Structures are given as C-alpha cells and as structure tokens.
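Since the structure comes first, as structure tokens, the remarks are kept for the end.
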Amino acid sequence: MAENTVYFPEAFLAQMRAAMPAHLSFDDFIAACQRPLRRSIRVNTLKISVADFLSLVAPYGWQLTPVPWCEEGFWIERDGDDALPLGSTAEHLSGLFYIQEASSMLPVAALFADNPQPERVMDVAAAPGSKTTQIAARMGNAGGILANEFSASRVKVLHANISRCGISNVALTHFDGRVFGAALPEAFDAILLDAPCSGEGVVRKDADALKNWSPESNLDIAATQRELIDSAFHALRPGGTLVYSTCTLNREENQSVVQWLLSRYPQAVEILPLGDLFSGAADALTAEGFLHVFPQIYDCEGFFVARLRKTAAIDPLPAPGYKVGKFPFTPLKSREAAAVTAAANAVGLAWDAGHTLWQRDKELWLFPQAMEPLFGQVRFSRIGVRLAEVHNKGYRWQHEAVIAFAAPQRAFELTQEEAEEWYRGRDVYPQTAPQQDEAIVTFQGVPLGLAKRVGSRLKNSYPRELVRDGKLFAGKV
C-alpha cells in the first residue's frame, strides 16, 4: 500500500509526545499514521451467522483476519476492489455485513462486555449507523434503541443503513444530544456516547484531518463533550452502563472528560475497567482502566473507550419547557391487528411479540414495545418499521418491512443474473414464475424485496433511491 502524507501540526506532535505511554514508540506512532488504514467489516448476525458467512464468501478468495475485540469483525484484503467496490457486492447490498472500521467496534464491545440484556439503549450520536446496527445485532432485534443524530443531513443515511441491515427495534430522533438528560431522565439501561471530537485518530483515513487542529479547538470540543456526558448520565438509570468513546487521542477530550464526570458525581460513578475486554487489551489500558488506543498498537484508527456504571440516582435536571405535541399514531385494536397480521403472514412476513401495530392515516407501522414508555416525551423522527399502506384492495407492503420481517421459507430464490437485474431496478423474467401473486424474492437465501407476478414477469418494487448502476457482484468462482 502507498503511504499517506499526513499533515501534523507541531503543537500536536508535542502533545502526542507528552501523552505517549513509556512502552510505546513515538516513531512507531508516526509510521503507523502514514500507513493507509486496513479495511474491515462486521458480519450482521441478524441475517447470517459468522460461520455461514465465512462459508459463503470462502470461494471469493477474501483474506479475513479476525478483529480481537469483536467476534463478528474482520480485517479484509481482496483483489479487484477497483473493479468491484466492496459496497457493490451481493453480501453488502443485502445487509450480510457492514463496512466498519475495526476501532469503532470497540465501544459496543465494551457496552456488552458482561453480556447484559438491556431493554432500552440510547446511541447519542448515531450516524452513519455502524454502532447502532452493532448494538441491534447484540440485542437480537429485541428491546429498543433510541438512535439520535444531530446532523439533519446524516439522519437519512442512518435510516438507510438500519433498514438495509433488517433492524426493527430502533427509534430515530434528531436533537442536540444535550437535551436527553432533562427530557428522558433515567430512561435507559445502557447508553453509548461516541462523542463528536477533534478526530485525531482518523489521519490514516483522512490525511488532512488535522488541517484545522489547535489546542484551543480541543478545549472547546471538550466543553461540549462534558455537557453531552452529563446529559447522558442523567438519562441513564441507576445500575446502568455508560460507554464514552472518541476517535481522538488527546487527554482533554478523553480522560479529562471522564474525570470531570467522576468529580461532579463522586457518589454515583464507578469505572468498569476494560483490561479483560479481549486478549491484548492490556497494551492499550490506562491506569484508570480506560482503553487509549494509539494507531500503532493494533494497526487501526486511534480511539478512546471508557466504561462507567451509574451506582446511584442523582438530582434531576429541570424539566424541559417545550411541548412535544400530540403523538400522531394510535395503536391498532386487537381485531384489526389480527387481520393485518394474518394478511402479512400470507405473503411471508412475521414478527415477534416485542413489536406492536400502530396506525397513522393509511400507514401501518410496527413499533418496538420497549420504546412505548417514551412516546409523548420527545419527538421522534421515525419509530420501528413502516409495515404497509392500506388501500382499497388490501395492503401495500413496504420494502423495509420485507427486509426486516421476511420468512425465508416463503420466498422465491433468484439466480445471480436475476438478482443483479433486481438491484438495477428492472423487472425479472424467471424461467418458472412463482405461483402466488406476490412473492418475496431472495438471493443466497436473503430477502431482496417483494415482487408482484404479472404473467411470467416479476414486477420490481425495489425503492428507486436504492437502485444501483454499474458493475455489481461477481458471484462465486
């Protein structure tokens, strides 16, 4: 791999020299920052087991090296990436894996280190969705996740990734993360705050990441981070777990933010050390029990992770003064819900008791039950999965519902050529058409969408915004 030419401000280098632990080499740090970042993926276990995924891609010649802290994570080397980008492979398009930097898998690994079974989790800064989808997989689509994103332009990307991965237990919000402590006090069993930061750890991916860097900027960012962690801590129930993480390397945005929380609530914060998180974690362990990952340690991005427990209740913040407005959905009565469920089952859609049916005008939605106590307390951008639209002849089943709730045994398998046509938004002409009028189409046993049979043709319903042009997947060799 060709080396990057990374811009390093002198003040940054001086700061890193001072922060570097004695057992690490500063020269190795500079050398690691100049090397291009290794690519990595995470298998989406909501759709496929790790073992089945490895068997599926074995013929492709991909070199997959396990990520020590995430059993679903792998560094990947493959030939032909220029000809066929990883994001255009069949397995990515159908949500079997997520392209995710290895370091960014650490916070969720820390959140679930003791195999907890949280009912309600918040991801405070969620876009583009790598950690939200990782949390959902660890929860098995059970319970509920509030995924918040402050940037309006990134909410759409967040939803697209959640939908592609077949996730049904997420509610999206679009707020400054500092509102939740007052709006949703003690509402969550676990919270991930992957805080906005100066990004010092991402220079291997972006050689110009430090162009606007300054010590003063770091201090300004740290002030915001303190407000975010304070809000998150108020939103956490006593006994719950908070993971604070950044992709930066300075102490002001990392250790100092956590120490500020400790000094503010000394009777209520307990550090949960991460030295046993995975084999080799001790190489990045700080004296406090945090992980401070310099790029040369594991040949990945720089990262910081702290895991905390809330041991006692704290004084609540003043109640917010805004009005949320009337909740625009109503739950379906049991008789109506039974009719919708039966119609969905007939086309091959099924869900568990952790989801309930709600209606807004002609739209039918499936909401995660675990989120219902929060309805009316904050305004949601989106909740759960849009199941269908009601029309004169029945129901128009929505693409995201097919991806989340399709039962593979009620499906019509496409050939590779037919699947490529499907992803290009074209109708499919199989040799033998399915018997039913509507059929869930699959490739590699994974749902791609719902097709309507018109004679010998399968009419494509793939959403226009997802249609792909150019070369798609290569198939088995």
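Note: Cβ is positioned from N, Cα and C throughout, glycine not excepted.
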From GLU149, GLU186, GLU216, the one annotated by Swiss-Prot with ALA125, ALA126, ALA127, PRO128, GLY129, SER130, LYS131, ASP176, ASP194 for S-adenosyl-L-methionine: GLU149
For CYS247 (active site, nucleophile), the one of GLY129, LYS131, ASP176 that lies nearest, given that the binding-site residues are compared by Cα: LYS131
Assigned conformation of ASP176 (S-adenosyl-L-methionine binding site) - DSSP reduced to three states: coil
Long-range Cβ environment of ALA125 (S-adenosyl-L-methionine binding site), under 8 Å and at least 6 residues apart: ASN148, GLU149, PHE150, GLY177, LEU193, ASP194, ALA195, PRO196
